[in-house]
């Protein structure tokens, strides 16, 4: 099944743009830049969107302009308009359980406490069977510090690692369309930024 929608999760506004919680949007921004497909605000989809072509496949890019916990509103609008199935969606999000410099593809699973994923699963009729790109941001070491951590900006050294992992994830996304998910996954899962 080909991917028809790639979503980068984020909170809107300049005050959140550089926070860890916006790592998913950084990936979609990079894809849009690499493929020369600038994102434009599209109110009916509650987000910034663009259209790219990968190996002859039409793919929509989406960065919701809703707050993170309402991400499903944007995804739901696009899915119903373009008749996209859950397994044709790739959602990029920040991942506490992976260190900076690591990114991994995954199909299905729970939301792991991520409010963006939680809302998307709910708006897809409680169907969690969409693809995810988990962008490692690390963990503060104390669950009580998670909110401040994800809404904080990574130090320069961590930002560099996250950026390198996102860069590799973008290359592996293109590889996915060329040579399949297994090959793309194998390459991405052996990558660790230094």
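Glycine is no exception: its Cβ is also placed from the backbone N, Cα and C atoms.
Per Swiss-Prot, the feature site 'Discriminates between blocked and unblocked aminoacyl-tRNA' maps to 11; the stated evidence is sequence analysis. What Swiss-Prot lists as tRNA binding site is 16, 67, 69, 115, and the listing cites sequence analysis. If you look up Swiss-Prot, you'll see 21 marked as active site, proton acceptor. Residues annotated as site 'Stabilizes the basic form of H active site to accept a proton' in Swiss-Prot: 94.
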Looking only at C-alpha atoms, tell me how far residue 69 (tRNA binding site) is from residue 11 (site 'Discriminates between blocked and unblocked aminoacyl-tRNA'), rounded to the nearest Å.
9
In the chain carrying residue 67 (tRNA binding site), residues 6 or more apart in sequence that have Cβ under 8 angstroms from it:
11, 12
Residue pair residue 94 (site 'Stabilizes the basic form of H active site to accept a proton'), residue 21 (active site, proton acceptor) - Cα distance, angstrom, rounded:
6
Specify the secondary structure state of residue 67 (tRNA binding site) as given by DSSP, simplified to three classes.
coil
Would you kindly give the Cα-Cα distance separating residue 115 (tRNA binding site) and residue 21 (active site, proton acceptor), rounded to the nearest Å?
11
Assigned conformation of residue 16 (tRNA binding site) - DSSP reduced to three states:
coil
Let me make sure I understand the structure: which of the recorded positions listed (11, 69, 115) has the fewest other Cβ atoms within 10 A of its Cβ?
69
Out of 16, 21, 94, which of these recorded positions shows the lowest number of other CB atoms within 10 Å of its CB?
16
Which secondary structure state does DSSP assign to residue 11 (site 'Discriminates between blocked and unblocked aminoacyl-tRNA'), in the simple three-class scheme?
coil
